[in-house]
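This report concerns only the one structure given below.
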Amino acid sequence: MGARASRHRQSPDQSQSQSPSPHHKHHHHHQTTRAPKPKPKPQPPPPQQPRSQPPPPPRHQPQQAPQQAAAEDGVGRVLGRPMEDVRATYTFGRELGRGQFGVTYLATHKPTGRRYACKSIAARKLARPDDLDDVRREVHIMHHLTGHRNIVELRGAYEDRHSVNLVMELCEGGELFDRIIARGHYSERAAAALCREIVSVVHSCHSMGVMHRDLKPENFLFLNKREDSPLKATDFGLSVFFKPGEQFRDLVGSAYYVAPEVLKRLYGAEADIWSAGVILYILLSGVPPFWAENEDGIFDAVLQGHIDFSSEPWPSISSGAKDLVKRMLRQDPKERLTAAEILNHPWIREDGEAPDKPLDITVISRMKQFRAMNKLKKVALKVVAENLSEEEIVGLKEMFKSLDTDNSGTITLEELRAGLPKLGTKISESELRQLMEAADVDGNGSIDYVEFISATMHMNRLEKEDHIYKAFEYFDKDHSGFITVDELEEALTKYDMGDEATIKEIIAEVDTDHDGRINYQEFVAMMKNNSPEIVPNRRRMF
């Protein structure tokens, strides 16, 4: 199981009982890989906004009825104004990142040549009224929060028949952890400065009636590569407007960062403070405070709430830092500090008591291991799926054909929704969406045959020795019994993962005897290891 929470969103009184399994950003990534989004120069083009700056709308907005008719009249279903082609104003370049709901591209403003990031959400992924509300809410919230130094600025929102496009300032300074790792030296004072920027975002959101609900390191990017670059919060896809004291019930977020009251399905804005506290713990130690072999184990650890301050490097970390972490990670939300109180804590203040002595170098190496996802395992899973025999997958093949009602060679969300009950599979709407998002590896809104097989094959098939050996042979081109750096690069280039940094990450993660290559025993151990990752593995569908 992955360590990422569900990206399906509901308003609080619409929440239905779901399996408590946040699945995600992820990022990823990956999206939870997040798209870097650099800052425009002064005098940017006038933002393309709703005709008047909207106040926070009620979560239950009246539906535009009929939605389809609106689209046919040339009025966008999401933004509620005449459709406009973003490509008339911006030239799209390379892909910057990919998430469950959209792909982010480099976008150049034609009149000025200034560069932005454009998050493009395919209209086919907005099949239900809730989906439209979610994107509409994200646009409203980003406009509502505009102007804060540490929140990415939305420059314009465009909608045509094929997609909704959000043009934002481009952050080219990289992810939070990447900057720390690349710098190689790090202190409590540096951690305090970063935490101050993160909590400043939380304080601004809460004071303006917005709960973020998905705070994690991957959702913070540096604006540029300068040492004094501001840190920017970039993803408000799970955010909601709230009133003081209002409680929510839908399960959202990411497993490592999710608050205990979210798992209990009754929470308010204090859940953001918990998530920020988890980030601070990682900034100081390199690992999350709640850790287990799988997602359920992480949730159990979160609910138990035991925080380790005895292992390295905690004995050498200041009492002020530990005090702040403890007060942000109180089990009872009412006992947690507010964002304003955190910013006044003596350890975090700009002129505060956080020491400037370097933290142990192992903190950075542990952070790097925690951040790196096992890309080799993901490719190996696909290799196994492609090499299963016809006899082994005959049942899955028939299942695919029965779901693919239009014989297009792909399965859409609507086909899954209609077909699974006929196969005797009871599944909630939120689980259906989690399943679709997890299986749709290339993010195109549908599941192709190989994606379907990869997602549905049972783990006991995967663990068969001959399947693992076939996957190993795929990488071990010269049959030497080892996967070398060159062989990794050759195999992963096919999947656009063959860069030097990724190869080094994989070797560091899998090569347990440190000989610079991967032997068969190390490969088997990796394939059978279920330790959670930042971005989700594909969920088993049945």
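Glycine too: its Cβ is placed from the backbone N, Cα and C atoms.
Summarising the annotation, Swiss-Prot assigns N-myristoyl glycine to GLY2 and lists sequence analysis as the type of evidence.
The Ca(2+) 1 binding site annotation in Swiss-Prot covers ASP404, ASP406, SER408, THR410, GLU415 and is backed by sequence analysis. For SER408 (Ca(2+) 1 binding site), applying a Cβ distance below 8 Å and a minimum sequence separation of six or more within one chain yields SER446.
According to Swiss-Prot, the feature Ca(2+) 2 binding site maps to ASP440, ASP442, ASN444, SER446, GLU451, an assignment based on sequence analysis. In the three-state DSSP scheme, ASN444 (Ca(2+) 2 binding site) is classed as coil.
Assigned with DSSP, the residues of the domain 'EF-hand 3' (463-497) fall into helix, strand and coil as follows: 20 helix, 2 strand, 13 coil. Here Swiss-Prot flags 463-497 as domain 'EF-hand 3'.
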Ca(2+) 1 site, defined by ASP404, ASP406, SER408, THR410, GLU415: further same-chain residues with Cβ within 8 Å of the Cβ centre:
LEU403, THR405, ASN407, GLY409, ILE411, THR412, SER446
Count the other Cβ atoms sitting within 10 Å of the Cβ of ASN444 (Ca(2+) 2 binding site), across every protein chain shown.
14
Give me the Cα-Cα distance between ASN444 (Ca(2+) 2 binding site) and ASP406 (Ca(2+) 1 binding site), rounded to a whole Å.
17
Could you list the residues of the same chain, at least six apart in sequence, whose Cβ is under 8 A from the Cβ of ASP406 (Ca(2+) 1 binding site)?
GLU415
For THR410 (Ca(2+) 1 binding site), which DSSP three-state class applies?
strand
